[in-house]
Structures are given as structure tokens and as C-alpha cells.
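Here it is: the structure, laid out below.
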Amino acid sequence: MSERKVLNKYYPPDFDPAKIPKLKLPKDRQYVVRLMAPFNMRCKTCGEYIYKGKKFNARKETVMNELYMGLPIFRFYIKCTRCLAEITFKTDPENTDYAMEHGATRNFQAEKLLEEEEKKITKDREEEELNNPMKVLENRTRDSKMEMEVLENLQELKELNQRQASVDFEGMLGTYKELEQRTKEQEKEEDERETREMLERALVKRLRDSDSDSDQESSSRPKKPSTDRPTDILTTDRLTDPQGLSVGGVKKAKVESWERSVGGLGGGGVLGTLVVRKKPVTSVPKPGTTVNPAGSNTQTVSKAAATVLMEATKPITAQNGSSSLSLLGTYSDSDDSNNSE
């Protein structure tokens, strides 16, 4: 498969290139080429406009007996896109352009005509100055005079515009400079203000952070546990003033844990006045005799204490069916037994 891509062919030893027959083709033969219209043109037959850059399948041939400095000139044949009339043009290496032959007219191009006119004038002037030195001096004088006239006309136009416009260019420049300076000052003031605001915000943030840190330190410090408990009222000695109001209290030095929750009934506290301890009676008095209150061993319950005791024992009497005195005596007996133990 790679043999079809080789560039060097095998020539046998007995190869003679003179024996190869040459094709006798005419020099003015034509080739089909693809090209674009080199300029704008208009067909003479139908008046169709053909613009520069339109593509055609053209026939190309070499112009016989025409050379420019040894370069051949080529002719192209195209057809109108509307009426299919034949249009021909050829190369122009002298002007690096194309020249129209027949079938169409080239559209007007002012720039091209101006260039051609300038080239013609320059060529004629060079021919005149070549053999006539006085003509050279006249041309130079005329050129200098023309330049002076052009400068004078330009100056007059400037003065006329200044009188009509009545514009103070110096004042405009001064105003622009003042405006620019004022803008720079405003920008500088804004930068300083923003810098101050940033510093103030940073300072406030730092103060807030320091305050929050101090609050955290104070909150993180362990609080001293309070030794007061709600049940300590049962083990506290309170004094009452003559009107019955409590005044202050003094805690005992040492209180047991069970006394804090239940309280001591036998002590001198608040509940101690509600219970009366009874002692066994040694002798029962006769009905007709009087008993000396000072010699009796029994203790009487005060009126306030008896009222409180009766109120406290009413629900128990309703449930158990026993009297409050029997309950009081039972509690007193159990208390005495505990004391004896």
C-alpha cells in the first residue's frame, strides 16, 4: 500500500528521455480556473451589476505577442450572471491591476482616476525639467508661493472661526484644570474618611471582643455552692417579736442529714411545741379530792398548740375512727419508749 505514495520512480539503466514523445499543444490553449471578479463592472448587454469578489468558473489563456518586461499576460473569459453574455479582461502587471477588454464597463472609481492623473502630471513635469534648468527654478518658485498661500488661508480660517465661535480656549483649559484638581481633592477626602471609619470599626470590634472575653471569664469561674437548703427551716431556731413576726434565725452548729429532711420533733424548734410528752401517773386522785397543780407531773397543752393539734389530727380521726387524744397518747408513748431506749 505504501508503493502508491512514493515520489521517486525506478528508472532502468537503458532509459533514454529523448525517446519520450512530446505532446504538441498550442501555446494559446485555454484552462478552466476558479476566480473572483477583480473589480466592480456592469454588463453591456443587460445592464447587470457584477460586484468585486463574485466567484466565476473562468477560462484562462495566455495572450500572444504581449509581454511586460518578460512577464506573460493572461486573459480571462467569464459569463454574465443574468444574460450569460461573455465578458473578458486581462492582467495589467504594469499597474499591478486588471484591464477590462469587452463585454462590460468598469464602474467609476474616483480614487483610481486621481492616482492616474497625479502620475501623469508628475511624469510630464519630470520630462520638462530634464532638459530645461530654468523650468526647474520656475517650478520651485511656484511651489513655495503655493505653500505660503495655503498657510495664509489656513490662518485666516482659524481667526474667522475664533471670532464666530467666541470660545475662550484658555478659560476652558483653566476650568478643566480646576475641575480635575477638585476631583482629586474629593477622592483624597473620601479615602481619608473611609480609613477613619475602618479604624473606628476595628476599635469597636476590639472593645466588644475584650468585653465578651471578660464576661466569659466571669461566667466560667465556679460559683460557691450554697449550703442553704429548703429543709433548713425545720432545723432553724427563730425568734418572734411581741407582735408575732419572725425576726432573723440562727442555724445550729451541726445538723444531721435526717434532721434536715424530717426535722427534730423533740427539740425546741417549731414542731417541738406541737407535741407534749406525757409521763406515767403514779397515783390516781379520788373523785372528791382536789389535786394540786404544782404537784402533778402531767403537762398541759397550751391553747394555741391544742388548736393546731386538733386541726392536724382531724383527717386521721375520720379515717381511722380513733380519737385525737388516743393518737396523741400513742405518739407520746412511742416517743417515751424511744427516749427510754
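In case you wondered, yes, glycine gets a Cβ from its N, Cα and C as well.
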Have a look at 108-133, 316-341 and point to the one annotated region 'Disordered' in TrEMBL.
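Result: 316-341 is the stretch TrEMBL calls region 'Disordered'.
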Counting Cβ neighbours within 10 Å across all chains shown, tell me which of the binding-site residues CYS43, CYS46, CYS83 comes out on top.
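Top count of Cβ atoms within 10 Å goes to CYS43.
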CB neighbours of CYS80 (Zn(2+) binding site) within 10 A?
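By my count, 21.
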Given the recorded Zn(2+) site (CYS43, CYS46, CYS80, CYS83), which additional residues of the same chain have their Cβ within 8 Å of the Cβ centre, ordered by sequence?
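Residues close to the Zn(2+) site, other than CYS43, CYS46, CYS80, CYS83: LYS44, THR45, GLY47, GLU48, THR81, ARG82, LEU84, ALA85.
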